[in-house]
Amino acid sequence: MATSTCSVLSISLVMVLLTTFSFPALAQLSVSYYASTCPSVFDTVRSATRSVINRDGRMGASILRLFFHDCFVSGCDGGILLSGGERNAPGNVAMVRGYDVIDSIKAQVDRACGRSVVSCADILAITSRDSIVELGGPSYPVPLGRRDTRTPNIAGARTDLPAFFHDLQRIKDIFQRKGFSEREMVALSGAHSIGQARCSSFRDRIYSNTSNIDPAFALARQATCPRIGGDANLAPLDPQSPGRFGNNFFQALMNRRGLLNSDQVLFNGGSSDSIVRTYANAASVFSTDFMNAMFKMGNLSPLTGYKPLKVPDKLLKKMIEVAKQFFKLPIRESAKLMSNELGTPVRYGTSFNQNIDGILLEIFLEANVQS
(Lines of atoms letter the chains of each structure in order from A and count residues from 1; the text may use other names and numbers.)
(Lines give C-alpha, C1' and ligand atoms only; values in the text may rest on other atoms or scores of the structure.)
Protein backbone atom coordinates (compact mmCIF):
# COMPACT_ATOMS: atom_id res chain seq x y z
CA MET A 1 0.00 0.00 0.00
CA ALA A 2 1.48 3.30 -1.05
CA THR A 3 1.96 6.07 1.47
CA SER A 4 3.39 9.56 1.45
CA THR A 5 6.77 8.08 2.24
CA CYS A 6 8.30 4.77 1.24
CA SER A 7 10.13 4.04 4.48
CA VAL A 8 7.01 3.94 6.68
CA LEU A 9 3.88 2.01 5.78
CA SER A 10 0.56 2.46 7.57
CA ILE A 11 -2.44 0.14 7.48
CA SER A 12 -5.90 1.68 7.41
CA LEU A 13 -9.16 0.03 8.36
CA VAL A 14 -10.92 -0.71 5.08
CA MET A 15 -14.55 -1.80 4.83
CA VAL A 16 -15.29 -3.52 1.53
CA LEU A 17 -18.64 -4.21 -0.12
CA LEU A 18 -18.34 -7.88 -1.08
CA THR A 19 -20.28 -8.16 -4.31
CA THR A 20 -18.40 -11.37 -5.02
CA PHE A 21 -16.33 -13.74 -2.93
CA SER A 22 -13.88 -14.55 -5.69
CA PHE A 23 -10.65 -12.60 -5.95
CA PRO A 24 -9.55 -10.70 -9.05
CA ALA A 25 -6.78 -12.00 -11.28
CA LEU A 26 -3.30 -10.67 -10.72
CA ALA A 27 -2.60 -7.48 -12.62
CA GLN A 28 0.15 -7.37 -15.19
CA LEU A 29 2.76 -4.65 -15.49
CA SER A 30 1.89 -2.05 -18.10
CA VAL A 31 3.32 1.29 -19.20
CA SER A 32 -0.23 2.68 -19.09
CA TYR A 33 -1.04 1.29 -15.64
CA TYR A 34 -1.61 4.76 -14.15
CA ALA A 35 -3.02 6.34 -17.32
CA SER A 36 -6.34 7.17 -15.67
CA THR A 37 -5.27 7.59 -12.04
CA CYS A 38 -2.01 9.51 -12.40
CA PRO A 39 -1.29 10.38 -16.04
CA SER A 40 1.51 12.77 -15.08
CA VAL A 41 3.58 10.21 -13.16
CA PHE A 42 6.33 9.90 -15.80
CA ASP A 43 6.67 13.67 -16.28
CA THR A 44 6.68 14.30 -12.53
CA VAL A 45 9.36 11.70 -11.81
CA ARG A 46 11.50 12.83 -14.75
CA SER A 47 11.48 16.43 -13.60
CA ALA A 48 12.20 15.50 -9.99
CA THR A 49 15.03 13.17 -10.99
CA ARG A 50 16.66 15.83 -13.13
CA SER A 51 16.53 18.31 -10.26
CA VAL A 52 18.07 15.82 -7.84
CA ILE A 53 20.97 14.99 -10.17
CA ASN A 54 21.59 18.67 -10.87
CA ARG A 55 22.01 19.19 -7.13
CA ASP A 56 24.02 16.03 -6.51
CA GLY A 57 25.85 14.53 -9.48
CA ARG A 58 26.41 11.25 -7.64
CA MET A 59 22.75 10.63 -6.95
CA GLY A 60 21.92 9.15 -10.35
CA ALA A 61 24.35 6.29 -9.80
CA SER A 62 23.15 5.91 -6.21
CA ILE A 63 19.54 5.51 -7.31
CA LEU A 64 20.56 2.92 -9.91
CA ARG A 65 22.40 0.94 -7.24
CA LEU A 66 19.38 1.24 -4.94
CA PHE A 67 17.16 -0.23 -7.67
CA PHE A 68 19.56 -3.11 -8.35
CA HIS A 69 19.85 -3.96 -4.65
CA ASP A 70 16.05 -3.92 -4.39
CA CYS A 71 15.33 -6.12 -7.40
CA PHE A 72 18.02 -8.73 -6.72
CA VAL A 73 16.63 -9.74 -3.33
CA SER A 74 12.92 -10.55 -3.67
CA GLY A 75 12.19 -8.82 -6.93
CA CYS A 76 11.41 -5.16 -7.54
CA ASP A 77 9.07 -4.76 -4.58
CA GLY A 78 10.48 -1.76 -2.73
CA GLY A 79 11.64 -3.94 0.16
CA ILE A 80 14.93 -2.07 0.48
CA LEU A 81 13.03 1.18 1.06
CA LEU A 82 11.52 0.00 4.35
CA SER A 83 13.25 1.30 7.46
CA GLY A 84 15.53 -1.35 8.93
CA GLY A 85 15.47 -4.77 7.32
CA GLU A 86 17.23 -5.09 3.96
CA ARG A 87 18.99 -1.75 4.15
CA ASN A 88 20.93 -3.03 7.18
CA ALA A 89 22.44 -5.98 5.32
CA PRO A 90 26.24 -5.88 4.86
CA GLY A 91 25.93 -5.19 1.13
CA ASN A 92 23.72 -2.17 1.78
CA VAL A 93 25.03 -0.51 4.93
CA ALA A 94 27.22 2.44 3.92
CA MET A 95 27.03 1.21 0.31
CA VAL A 96 23.52 2.31 -0.66
CA ARG A 97 21.94 5.73 -0.32
CA GLY A 98 19.09 7.72 -1.84
CA TYR A 99 16.24 6.55 0.37
CA ASP A 100 15.27 10.12 1.23
CA VAL A 101 15.33 11.05 -2.46
CA ILE A 102 12.78 8.37 -3.31
CA ASP A 103 10.64 9.54 -0.39
CA SER A 104 10.78 13.09 -1.73
CA ILE A 105 9.89 12.07 -5.28
CA LYS A 106 7.07 9.91 -3.92
CA ALA A 107 5.65 12.94 -2.11
CA GLN A 108 5.82 15.00 -5.31
CA VAL A 109 4.02 12.28 -7.26
CA ASP A 110 1.34 12.04 -4.57
CA ARG A 111 0.70 15.77 -4.87
CA ALA A 112 0.55 15.56 -8.66
CA CYS A 113 -1.89 12.64 -8.48
CA GLY A 114 -4.01 14.20 -5.78
CA ARG A 115 -3.57 11.13 -3.60
CA SER A 116 -1.25 8.22 -2.92
CA VAL A 117 -1.73 5.91 -5.88
CA VAL A 118 1.72 5.15 -7.35
CA SER A 119 3.75 2.56 -5.47
CA CYS A 120 7.23 3.27 -4.15
CA ALA A 121 8.54 0.30 -6.16
CA ASP A 122 7.23 1.87 -9.38
CA ILE A 123 8.73 5.24 -8.52
CA LEU A 124 12.12 3.63 -7.91
CA ALA A 125 11.91 1.84 -11.28
CA ILE A 126 11.09 5.05 -13.17
CA THR A 127 13.68 7.10 -11.31
CA SER A 128 16.39 4.55 -12.15
CA ARG A 129 15.60 4.74 -15.86
CA ASP A 130 15.49 8.53 -15.79
CA SER A 131 18.81 8.67 -13.93
CA ILE A 132 20.46 6.60 -16.66
CA VAL A 133 19.06 8.90 -19.33
CA GLU A 134 20.16 12.04 -17.48
CA LEU A 135 23.72 10.69 -17.36
CA GLY A 136 23.85 9.91 -21.08
CA GLY A 137 22.54 6.36 -21.14
CA PRO A 138 19.75 4.74 -23.18
CA SER A 139 16.05 5.05 -22.47
CA TYR A 140 13.71 2.09 -22.30
CA PRO A 141 10.05 1.52 -21.42
CA VAL A 142 9.18 1.03 -17.75
CA PRO A 143 6.00 -1.02 -17.26
CA LEU A 144 4.23 -0.17 -14.01
CA GLY A 145 1.88 -1.82 -11.56
CA ARG A 146 4.26 -3.13 -8.90
CA ARG A 147 2.88 -3.46 -5.42
CA ASP A 148 5.03 -2.49 -2.43
CA THR A 149 5.97 -5.22 -0.02
CA ARG A 150 5.50 -4.68 3.69
CA THR A 151 7.90 -7.49 4.64
CA PRO A 152 11.60 -6.96 3.87
CA ASN A 153 13.68 -10.05 3.02
CA ILE A 154 16.58 -9.65 5.40
CA ALA A 155 18.04 -13.10 4.74
CA GLY A 156 17.92 -12.55 0.97
CA ALA A 157 19.69 -9.21 1.30
CA ARG A 158 22.56 -11.05 2.97
CA THR A 159 22.90 -13.79 0.35
CA ASP A 160 21.55 -12.61 -3.01
CA LEU A 161 23.72 -9.57 -3.71
CA PRO A 162 27.15 -9.74 -5.39
CA ALA A 163 29.99 -8.33 -3.28
CA PHE A 164 33.12 -6.45 -4.29
CA PHE A 165 35.33 -9.37 -3.21
CA HIS A 166 33.47 -12.09 -5.14
CA ASP A 167 35.18 -14.05 -7.90
CA LEU A 168 33.72 -14.54 -11.38
CA GLN A 169 32.05 -17.87 -10.68
CA ARG A 170 30.32 -16.59 -7.56
CA ILE A 171 28.98 -13.58 -9.45
CA LYS A 172 27.81 -15.77 -12.33
CA ASP A 173 25.99 -18.04 -9.89
CA ILE A 174 24.17 -15.11 -8.28
CA PHE A 175 23.00 -13.75 -11.62
CA GLN A 176 22.07 -17.19 -12.91
CA ARG A 177 19.80 -17.78 -9.92
CA LYS A 178 17.92 -14.65 -10.95
CA GLY A 179 17.58 -15.87 -14.53
CA PHE A 180 20.32 -13.78 -16.16
CA SER A 181 22.82 -15.05 -18.70
CA GLU A 182 26.51 -14.29 -18.49
CA ARG A 183 26.13 -11.69 -21.23
CA GLU A 184 23.31 -9.98 -19.34
CA MET A 185 25.45 -10.08 -16.20
CA VAL A 186 28.30 -8.26 -17.93
CA ALA A 187 25.88 -5.76 -19.49
CA LEU A 188 24.35 -4.90 -16.10
CA SER A 189 27.84 -4.58 -14.64
CA GLY A 190 28.25 -1.71 -17.10
CA ALA A 191 26.21 0.36 -14.66
CA HIS A 192 29.59 0.89 -13.01
CA SER A 193 30.42 3.29 -15.79
CA ILE A 194 28.90 5.79 -13.37
CA GLY A 195 29.24 6.11 -9.63
CA GLN A 196 31.94 5.77 -7.02
CA ALA A 197 33.12 3.26 -4.45
CA ARG A 198 34.45 3.55 -0.91
CA CYS A 199 38.12 3.00 -0.15
CA SER A 200 37.22 0.06 2.10
CA SER A 201 35.85 -1.82 -0.91
CA PHE A 202 38.96 -1.53 -3.11
CA ARG A 203 41.85 -1.14 -0.64
CA ASP A 204 42.90 -4.80 -0.83
CA ARG A 205 43.00 -4.65 -4.61
CA ILE A 206 45.18 -1.55 -4.97
CA TYR A 207 47.71 -2.83 -2.43
CA SER A 208 47.73 -6.43 -3.64
CA ASN A 209 50.54 -6.14 -6.21
CA THR A 210 48.75 -8.71 -8.38
CA SER A 211 49.23 -8.89 -12.13
CA ASN A 212 45.65 -7.93 -12.98
CA ILE A 213 45.98 -4.28 -11.92
CA ASP A 214 47.85 -1.53 -13.71
CA PRO A 215 50.61 -0.30 -11.33
CA ALA A 216 50.14 3.35 -12.26
CA PHE A 217 46.40 3.05 -11.64
CA ALA A 218 46.98 1.40 -8.26
CA LEU A 219 49.42 4.13 -7.25
CA ALA A 220 46.96 6.88 -8.21
CA ARG A 221 44.22 5.29 -6.12
CA GLN A 222 46.54 4.86 -3.15
CA ALA A 223 46.88 8.65 -2.96
CA THR A 224 43.35 8.90 -1.56
CA CYS A 225 42.99 5.43 -0.07
CA PRO A 226 45.69 4.76 2.54
CA ARG A 227 46.42 1.33 3.97
CA ILE A 228 44.90 2.40 7.28
CA GLY A 229 42.01 4.83 7.66
CA GLY A 230 40.07 6.73 5.03
CA ASP A 231 37.49 3.98 4.62
CA ALA A 232 34.84 6.42 3.38
CA ASN A 233 37.08 8.12 0.82
CA LEU A 234 35.61 7.78 -2.66
CA ALA A 235 37.03 6.96 -6.08
CA PRO A 236 35.24 6.69 -9.45
CA LEU A 237 34.37 3.22 -10.71
CA ASP A 238 35.17 4.39 -14.24
CA PRO A 239 38.41 6.42 -14.21
CA GLN A 240 37.90 7.77 -17.76
CA SER A 241 34.41 9.28 -17.64
CA PRO A 242 32.96 8.82 -14.13
CA GLY A 243 30.02 11.16 -14.63
CA ARG A 244 28.77 9.88 -17.98
CA PHE A 245 27.22 6.56 -18.87
CA GLY A 246 29.04 4.66 -21.62
CA ASN A 247 31.38 1.85 -22.56
CA ASN A 248 34.61 3.38 -21.24
CA PHE A 249 34.20 1.17 -18.20
CA PHE A 250 34.93 -1.90 -20.31
CA GLN A 251 37.94 -0.27 -21.90
CA ALA A 252 39.25 0.35 -18.38
CA LEU A 253 38.83 -3.33 -17.55
CA MET A 254 40.86 -4.27 -20.63
CA ASN A 255 43.58 -1.93 -19.35
CA ARG A 256 43.48 -3.57 -15.90
CA ARG A 257 41.99 -0.43 -14.39
CA GLY A 258 38.91 -1.91 -12.79
CA LEU A 259 38.50 -0.40 -9.34
CA LEU A 260 36.71 -3.33 -7.71
CA ASN A 261 37.88 -6.90 -7.79
CA SER A 262 34.35 -7.95 -8.77
CA ASP A 263 34.65 -5.72 -11.86
CA GLN A 264 38.12 -6.75 -12.95
CA VAL A 265 37.26 -10.46 -12.78
CA LEU A 266 35.02 -9.83 -15.78
CA PHE A 267 38.23 -9.45 -17.80
CA ASN A 268 40.87 -11.67 -16.30
CA GLY A 269 41.34 -14.63 -18.63
CA GLY A 270 37.87 -16.03 -17.95
CA SER A 271 34.70 -16.82 -19.90
CA SER A 272 33.44 -13.22 -19.91
CA ASP A 273 36.55 -11.70 -21.53
CA SER A 274 35.06 -11.82 -25.01
CA ILE A 275 31.90 -10.02 -23.86
CA VAL A 276 33.91 -7.24 -22.24
CA ARG A 277 35.95 -6.90 -25.42
CA THR A 278 32.77 -6.66 -27.51
CA TYR A 279 31.31 -3.90 -25.34
CA ALA A 280 34.62 -2.01 -25.21
CA ASN A 281 34.74 -1.91 -29.01
CA ALA A 282 31.03 -1.31 -29.72
CA ALA A 283 29.21 1.24 -27.57
CA SER A 284 25.94 0.68 -29.42
CA VAL A 285 25.99 -3.05 -28.71
CA PHE A 286 26.56 -2.42 -25.02
CA SER A 287 23.83 0.22 -24.92
CA THR A 288 21.30 -2.14 -26.49
CA ASP A 289 22.21 -5.07 -24.26
CA PHE A 290 22.18 -2.91 -21.14
CA MET A 291 18.77 -1.50 -22.03
CA ASN A 292 17.32 -4.99 -22.53
CA ALA A 293 18.88 -6.30 -19.33
CA MET A 294 17.52 -3.36 -17.33
CA PHE A 295 14.05 -3.95 -18.76
CA LYS A 296 14.32 -7.60 -17.73
CA MET A 297 15.55 -6.73 -14.25
CA GLY A 298 12.66 -4.32 -13.75
CA ASN A 299 10.28 -7.21 -14.33
CA LEU A 300 12.05 -9.45 -11.83
CA SER A 301 9.37 -11.07 -9.64
CA PRO A 302 7.30 -7.93 -9.02
CA LEU A 303 4.39 -8.03 -6.62
CA THR A 304 1.23 -7.22 -8.57
CA GLY A 305 -2.49 -7.11 -7.97
CA TYR A 306 -3.71 -8.71 -4.80
CA LYS A 307 -1.45 -10.70 -2.52
CA PRO A 308 -2.81 -14.22 -1.97
CA LEU A 309 -4.66 -14.31 1.32
CA LYS A 310 -3.34 -16.69 3.95
CA VAL A 311 -6.06 -16.75 6.59
CA PRO A 312 -8.17 -19.60 7.95
CA ASP A 313 -11.64 -20.05 6.45
CA LYS A 314 -13.18 -19.37 9.85
CA LEU A 315 -11.64 -15.91 10.00
CA LEU A 316 -12.58 -15.14 6.42
CA LYS A 317 -16.22 -16.05 7.13
CA LYS A 318 -16.14 -13.83 10.20
CA MET A 319 -14.93 -10.91 8.11
CA ILE A 320 -17.69 -11.46 5.55
CA GLU A 321 -20.36 -11.51 8.25
CA VAL A 322 -19.04 -8.27 9.77
CA ALA A 323 -19.04 -6.64 6.34
CA LYS A 324 -22.62 -7.76 5.70
CA GLN A 325 -23.75 -6.31 9.01
CA PHE A 326 -22.01 -3.05 8.22
CA PHE A 327 -23.85 -2.62 4.94
CA LYS A 328 -27.18 -3.26 6.60
CA LEU A 329 -26.75 -0.01 8.50
CA PRO A 330 -29.09 2.86 7.58
CA ILE A 331 -27.57 4.99 4.84
CA ARG A 332 -27.28 7.96 7.19
CA GLU A 333 -25.12 5.90 9.53
CA SER A 334 -22.87 4.34 6.90
CA ALA A 335 -22.50 7.66 5.06
CA LYS A 336 -20.72 9.06 8.09
CA LEU A 337 -17.88 6.65 7.37
CA MET A 338 -17.52 7.40 3.68
CA SER A 339 -14.30 9.07 2.53
CA ASN A 340 -12.16 9.47 -0.57
CA GLU A 341 -8.99 9.43 1.51
CA LEU A 342 -7.30 6.07 1.98
CA GLY A 343 -5.60 7.30 5.13
CA THR A 344 -8.78 7.93 7.13
CA PRO A 345 -9.39 5.59 10.07
CA VAL A 346 -12.46 4.01 8.41
CA ARG A 347 -13.66 4.09 4.84
CA TYR A 348 -15.53 1.86 2.46
CA GLY A 349 -16.07 1.61 -1.25
CA THR A 350 -17.84 -0.52 -3.80
CA SER A 351 -15.11 -1.23 -6.32
CA PHE A 352 -12.49 -3.94 -6.54
CA ASN A 353 -10.58 -1.88 -9.09
CA GLN A 354 -7.33 -1.12 -7.28
CA ASN A 355 -6.48 1.66 -9.75
CA ILE A 356 -9.72 3.51 -9.02
CA ASP A 357 -10.44 2.83 -5.39
CA GLY A 358 -7.15 1.64 -3.97
CA ILE A 359 -8.96 -1.01 -1.93
CA LEU A 360 -7.02 -4.05 -0.81
CA LEU A 361 -9.05 -6.74 0.88
CA GLU A 362 -5.93 -8.12 2.55
CA ILE A 363 -5.44 -4.84 4.40
CA PHE A 364 -8.87 -5.21 5.96
CA LEU A 365 -8.03 -8.72 7.07
CA GLU A 366 -4.64 -7.83 8.50
CA ALA A 367 -6.04 -4.82 10.36
CA ASN A 368 -9.22 -6.30 11.74
CA VAL A 369 -9.31 -10.08 11.76
CA GLN A 370 -6.94 -11.41 14.38
CA SER A 371 -6.04 -15.07 14.82
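The backbone N, Cα and C atoms fix where each Cβ goes, and this holds for glycine too.
Automatic, uncurated: that is what TrEMBL annotation is.
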Cys71, Cys113: which one closes the disulfide with Cys76 in TrEMBL?
Cys71
Look at the disulfide annotations in TrEMBL and name the partner of Cys113 from this list: Cys38, Cys120.
Cys38
Per TrEMBL, the disulfide partner of Cys199, chosen from Cys120, Cys225:
Cys225
Within 10 Å of Arg65 (site 'Transition state stabilizer') by C-alpha distance: pick out those among the binding-site residues Val73, Asp77, Glu86, His192, Asp238, and say none if nothing qualifies.
His192
Among the recorded positions listed here (His69, His192, Asp238), which has the Cα closest to the Cα of Cys76 (disulfide bond)?
His69
Of Cys38, His69, Cys71, Pro162, Cys199, Asp238, the recorded positions lying within 10 angstroms (C-alpha) of Glu86 (Ca(2+) 1 binding site) are His69
Kindly state the mean pLDDT of the domain 'Plant heme peroxidase family profile' (28-339) in the predicted structure.
92
